[in-house]
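**Student:** Quick paste from Swiss-Prot:
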- Glu91, Arg109, Lys110, Gly126, Tyr127, Gly128, Thr129, Ile130, Glu131, Glu132: substrate binding site (BINDING)
Amino acid sequence: MDANHDKVVESGSRGGRGPVRTICVFCGSRRGNRPSFSAAALDLGKQLVERELDLVYGGGSGGLMGLVSKTVHDGGRHVLGVIPSALLPEEVSGETLGEAKVVRDMHERKSEMAKHADAFIALPGGYGTIEELLEIIAWAQLGIHNKPVGLLNVDGYYNNLLSLFDKGVEEGFIDAAARNIFVLADNAGELLTKLTEAAAAAAAAVEGGDGDQVDGEATAAAAGLKRKRS
């Protein structure tokens, strides 16, 4: 395990055992073809502001990243954008919003975002978004962090990925408990509520509680977060 992973572990105690204060959002540097994707990004930003949550994200000024970050920043919440130096010309145009941190590479970007986050949300996006989502799920499965992960499945965007996960369980490559290591919703309000419940369930699991006050999906996610893989 490398030094960046160690940093995530060190900060992980805040994510699983305390209130969710900062959300890391993975999403596309493009807006996609459907208006519903942009609408979901704007709604997520508004929900973060209403719930007094801060944002850490990939630092881009365009696409869904730009919509979420501008909404959160304009709403008076703290925004931290983390971007590799090589991507500055491609993903940043015009004025950056909030605090910007330039890092060396993609690996440092993910570790830095994870270090500052208490929970994670993936909106629709391309290869980069999917890679970030899968790595943060893998880190949870391996016990590198104990922070809840949420998938905002706008218009069924991630349905095929979810089917692939089911296939992995069916063929014996993914443990059945790990299939429920994240929470899922098709709207931001419901997903943020589930993430908060998953964080509470994870805290109860760590402290020896039974998690009875949260719903079954959150408890399943907490159980997945608690279990470590070899």
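The backbone N, Cα and C atoms fix where each Cβ goes, and this holds for glycine too.
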**Student:** Secondary structure at Glu131 (substrate binding site) (DSSP, helix/strand/coil)?
**Tutor:** helix
**Student:** Tell me, by DSSP, whether Lys110 (substrate binding site) is helix, strand or coil?
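**Tutor:** Where Lys110 (substrate binding site) sits, the three-state DSSP reduction gives helix.
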**Student:** Which of these binding-site residues has the least crowded Cβ, counting other Cβ atoms within 10 Å: Lys110, Tyr127, Thr129?
**Tutor:** Tyr127
**Student:** At a 10 Å cut-off from the C-beta of Glu131 (substrate binding site), count the other C-beta atoms across all protein chains.
**Tutor:** 14
